[in-house]
Each structure stands twice: as C-alpha cells, then as structure tokens.
Amino acid sequence: GSVRLSVPGTAHGYRQLYKQLGGRVPWEHLLEPTITLCENGYTVTSSLARALRSASQNIYSQPSMSSVFVNPATGKVFQEGDTMRRPQLARTLRLLQQDPDSLYTGSLAKDLAKDLGDLDSSLELQDLRSYSSVWKKPVSVSLQHGNLTMYSVGPPGSGLTLGFLLNLLDEFGLSPGNVSEANTVLTHHLLAHILKWTFTKKVQLDNTDRLAHDLTSDAFAASVRHQILDDMNFHDSGHYGAAPGMADDLGTAHSSLDDCGTSQFSLLAPNGDAISVTSTLNSCLGAAMRSPRTGIIFSSTKVDHSHRPYPTTPDGSSNTQGRKLSQC
C-alpha cells in the first residue's frame, strides 16, 4: 500500500551532482533526450514486455498505471514491438528544465503532494520541501592484501559489504581453477557460505561504526575464513554473525521480498573522470503506483527501511525520515 512510498529523490540528487561537478553541458540539454523519448514514443523491448506481463495484475488494478501501460487499442498491456509514450512525464521534465527544484519547492511539488494525498500516503508537501541529498565520504576497502583499494558508497549503500565479500574471496585465493569440473561443488559450497556471511552483515548496516571497522579489516575477514569449513554446513544463523532476534533462515526472509528493478551504468570520460550510478525502484514497476499529475512512478524502496528479517518497530513500521538500506 501507500505506506511504502518515499520522496522521489533522484531528480534532487542529479541536480546536486550537476551543481557540484557538472556545468560543461547546459542542464536543460541533459534532459532533452529523455523528453524526446517520452513525447515521440519508444519501442517496447522483450524485457519490458515481460515485466509488464508479470506486473499486469497490479497494472490493471491501478487506473493511474493502466493509463500508461495498457494499449487502448487492445485493452491489454503493451506487447513487444508496440510504441509507448509518457506525455505527462515529458511535461514534468520540461518543467524541471526551467526550474530544477520544482519537484520539491515549486508547482510540481504541489501536484505531487496532491497525488500523495489521494493515495492516502503519510507524505506531505513539507516532506518534499525538507528533502535534501546527502554527500558522504566514500568508504575504502583494501583488497589483495594492500595491492588494490576499492572505493564505494557508504551506508546505507552496500559498499562495505561488497568490500567484505571481495576480501573473503581473497582469503580463499579463488582462481579460474576453482571452477573446473573437479572443484565446482566445493567452490559453490564456499561461495554459498561467503554470501551467507555477507548478507547477514548487510541487514546490520545501521550499526555502522563497529561494523565498518570489521568489514574493512583483513583480520576480521581472516577470522571468518576459518569459520567456513569445506565439509560442514550450519543451520544456526548465529554462526554467521546474526544478532539475536533475527530470523534463523535469512534466505527465506529475503526471498519474500521482490528485490529487483535496479539499473546501473558506469562511465569513463576521455579526461579520466569516472562515475558509477545505481538506481532502483526495488521491483520492476516500483510500488505500482503513479502520480497522475506528474507521471512519476513511485518506488517501493521504502521497504528497504525495514529490509531485514525482523521488524524495525514492534508493528513492523519504519521511520519516514530515515535513509533506506540498499543493495546498491
């Protein structure tokens, strides 16, 4: 339901990134290609068609979604090869060309707040006005015993757990030979246990200080390595560092969440600048709710506030002001 909705922060984040590091290309030019696609239409790919079919029940049940994803000529979700258009989203992007803050403090914010109210969301206009992007120092993790350094996003992103996973792989000295026919079973066994340790730490990312020390420590990775045995499985989640009160089967808890809908791109500029951007709706069509006035589809990433096998509060609700735990 609408309790899952959170403030759409992507536009704010991109604008702050542009103000801090951009400027060579005018802001309005950056939005133009997407506006053109929304206005003129784009061809439905096989992957988009599959996503629409899988989400068709939610699409048909929500008028704001069916008005975008259902072909009026057939009464069915758009199929591969069809042409889709997003005129309302194009209008929103046109307004953002003129006023980049409109979605948070301008006319678009008022439109968005009205739609949130119609959806019985707890979010209000003040939540949009008070939203801010957060600049954080990246985390650094030493790899290959100091020969490489990985830089990534800190909590609530998963840079720390990614570094921990890579350090564990280093501890085992895995190489192409480990995936040979003779070693495949053992290698998969080791990878399964490495992932269990990693995902146990992921859901504890809000306990940042101590966890950051452990996950960036070669000594901690070495100690974990000695707890992963070639010939033994453990069914007690406490063996993998799970805190008391967490579910015994982390895999079962996470499999109940539709954790998908993530996109990623990395760019390297001719001058050596590099950028890596990850964004997610947390499922193929987010919360399956759309703002009719702005054309924005709400993400379901509010689930990530409670993305753990036990609730954040006795009733399982979460703090609307918190930052989302993320796999990104």
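Cβ atoms are placed via backbone N, Cα and C, with glycine included.
Owing to the predicted nature of the structure, the values given are computational and were not obtained by experimental measurement.
According to TrEMBL, the protein carries these features:
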type: ACT_SITE; residues: Thr262; note: active site, nucleophile
type: BINDING; residues: Thr280, Leu281, Asn282, Asp304; note: L-glutamate binding site
type: REGION; residues: 300-328; note: region 'Disordered'
type: COMPBIAS; residues: 314-328; note: compositional bias 'Polar residues'
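Look at the Cβ of each of the recorded positions Thr262, Thr280, Asn282 and count the other Cβ atoms within 10 Å; the largest number goes with Asn282. Note: the CA-CA distance between Asn282 (L-glutamate binding site) and Thr262 (active site, nucleophile) rounds to 7 Å. Rounded to the nearest whole angstrom, the C-alpha distance between Leu281 (L-glutamate binding site) and the residue listed as 'active site, nucleophile' is 6. The two recorded residues, Thr280 (L-glutamate binding site) and Thr262 (active site, nucleophile), have Cα atoms 4 Å apart. A sphere of 10 angstroms centred on the C-beta of Leu281 (L-glutamate binding site) encloses 18 other C-beta atoms.
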